[in-house]
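Listed in TrEMBL:
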- 75: active site, proton acceptor (ACT_SITE)
- 76, 79, 83, 85, 97: Ca(2+) 1 binding site (BINDING)
- 171: substrate binding site (BINDING)
- 201: heme b binding site (BINDING)
- 44-123: disulfide bond (DISULFID)
- 77-82: disulfide bond (DISULFID)
- 129-327: disulfide bond (DISULFID)
- 208-235: disulfide bond (DISULFID)
């Protein structure tokens, strides 16, 4: 072979290698587009419609499912990754997140299985439990009169529940406002976003076991005296039975509606939890509480922004994780 032919062959080989490398890189990008709008448009076009319809039907039969969907997105996505680890059952080796004390009051997981089964009938093995969890929250928010929030999809499911690290990520309702702000800031949610997210306390109820420390042995003096009478009526025991259904509605005025009435309540010292009171009194958060009390549009705008950030917290995408067959159990790998 002549020297000229050798040189030509060498450069041709380099050029071919470059094409192969670019092709491999492009393939990897195609494999993992990350989170995108309408991720399932080609592989399961009806996925979001099926989830929306199931949420609508479940809400029609069981109004409190919408509260559950809203709580799920916080309890799952705030703990390290938005990967449906919350939905996993305990195993012989590990306690699940949903069975810890911090998850007290979470329920209706069986109805998420109902949604998953409907999606599986449409497209077996395609839609993740993590995306079902996020989209059911989005549609549940609409059921409660809140804003429609366009959310990306493409999440995959984790294989491990994280009960042992839950305390590191989820702030307790008795934490200082500094701790609460820091926990949310760690996942990119700023102060107005935090104030808006806690507006989810506008709906649902608080179990007596979570608030009796504000009533017994003495009533917290910062509580609105008119509201105390109602709280004592609903929670008559200093040590309530945790299995009994004893609770106080978070918002007596519009208990089934996600609205800005929560902010007016906490400014009037009617917040049930310590965190509610702190939100209305801390100098870092109070200005936003006042603004949201005056403007539901502002509340909805900040709420939608915060939910979007929360839903995109460290997801598994591409080839990471798996698509669970059942949301409560990791797939068996042989």
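One-based numbering along the chain as shown.
Including glycine, each Cβ sits where the backbone N, Cα and C put it.
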Alpha-carbon spacing, residue 79 (Ca(2+) 1 binding site) to residue 201 (heme b binding site), which is rounded to whole Å: 19
Nonlocal residues around residue 82 (disulfide bond), in sequence order (Cβ under 8 Å, 6 or more apart): 73, 76, 130, 133, 134, 155, 310, 311, 312, 313, 314, 315
Nearest recorded site to the residue listed as 'heme b binding site' by CA-CA distance, among recorded positions 75, 97, 235: 75
Length of the line joining the Cα atoms of the residue listed as 'active site, proton acceptor' and residue 235 (disulfide bond), in Å: 26
Distance [Cα-Cα, Å, rounded] between residue 208 (disulfide bond) and residue 83 (Ca(2+) 1 binding site): 31
Fewest-neighbour residue among disulfide-bonded residues, criterion Cβ within 10 Å, set 44, 77, 208: 44
Among 79, 123, the most crowded of the recorded positions [Cβ within 10 Å]: 79
